[in-house]
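Everything on this sheet refers to the single structure shown next.
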């Protein structure tokens, strides 16, 4: 899905609104002045003056403001915040979310370090480069422990809305540190409509427009950095939880997790699983019936 961020003049904004006034739609985001649902695109006009165009027809509508596709500035050439999460698909371990701020002058350093999507790197490589990234790159890391995850899921949050809350909070806290991104990219885990719906429940908000992009870790180094740091945080948490229980906790939610879950249930009961696992996964019922 194409995503374009522009900062046109107020005169151009008003001309755009007049031209497409029949496409105006309501928005629950207090930082969006105007929201338009157009054929093959949505347009969010923020109080900050920025405009976010998303969808297959984004370039067409951006041309109204003089935008040309050949002039599109890649996210790699902008000061950028990127976010990613790790642990969502694993029965054991917490949920780690990281927002990282990367500037173009850091790109060579990151490439030489071998930064890429954590899914393409070995755990050994991640544990090796993550401490360097934590020291050199401004970031905000959040970890929701399994016990806290189990406490909030089904009460205030579901598996998607809890990620919205964590991504939003990580970005908010990083912005509070004074970074000034020209773009904010989230590795898409839900639709923009769903994200905005759940975001309305959150207290800490910011006016910067965000872009949800699929496979963003392969497009933006800031997202790749977040992916690596989040993976390292998740692995560290997995090790620490296992050490306290005396078990080696596997990542993922396959048969290996079923086996260990059954053993922990026999040794510690549900209290043990609540300490180290996400209970709403099917692995819990499998462990009970083993």
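Heads up, the Cβ atoms here are built off N, Cα and C, so glycines get one too.
According to Swiss-Prot, 84, 85 bind divalent metal cation; the candidate from 187, 196, 232, 258 that the record adds to this site is 187. Of the chain residues outside the divalent metal cation site list 84, 85, 187, 83, 86, 97, 98, 167, 186, 189, 216, 217, 223, 226, 227, 230 have their Cβ within 8 Å of the site's Cβ mean position. In this structure, of the binding-site residues 84, 187, the smallest number of CB atoms within 10 A of the CB marks 187.
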